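K.L.:
I am attaching a structure below and will ask some questions about it afterwards.
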């Protein structure tokens, strides 16, 4: 099977962290983005980064930097759309989205997403009590839905779950009885916890 390309979503403004690029915060002795790229290399085909502003700050990572194609920071769906457009230019059928603030995502992420039966597939985790939490910034997105997604965004739609649900999204569920591999970093406390997990 041809491995799909992946888009790392880092286009947000990180307001809960005081602004800046969360993916450039140090984690385990290197920028968080470096660890995310290393985790993706054995899983994906080509990789790109969705980020806004001056792309020069990411020059050391060797990734194409794709800004949102819509103004006013419309959220992760704009990054997913940028990834779809880029993946289509590569001749790919789909693109995988990965959050740029979630450094411990599973090593079988792309295998499980692509094996879930086609269409949009979103990641979810099941804790030890059986509670399932969805993680909609991790997903498989067919590039054939680009026109629909662009119309959704220009019409004011913003919710990833909303667009995905409208298109019959499936879920790929990871059992996570202890630590959730989709733990993401939103606060200084989260970063401290992640440092402990990375050590």
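Positions of Cβ are set from backbone N, Cα and C atoms, glycine also.
TrEMBL lists 9, 10, 11, 22, 50, 68, 101 with the feature GTP binding site. Positions annotated as Mg(2+) binding site by TrEMBL: 101. Per TrEMBL, domain 'MobA-like NTP transferase' is recorded for 6-160.
Tell me about the surroundings of these features in the structure.
P.N.:
The DSSP secondary structure for residue 50 (GTP binding site) is strand. In sequence order, 7, 8, 9, 10, 11, 65, 66, 67, 68, 78, 79, 80, 82, 83 are the residues of the chain that are 6 or more apart from residue 50 (GTP binding site) and have a CB within less than 8 Å of its CB.
Taken residue by residue with DSSP, residue 101 (GTP binding site) is part of neither helix nor strand, so it is coil.
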K.L.:
Compute the average pLDDT of the predicted model within the domain 'MobA-like NTP transferase' (6-160).
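P.N.:
Average per-residue pLDDT within the domain 'MobA-like NTP transferase' (6-160): 93.
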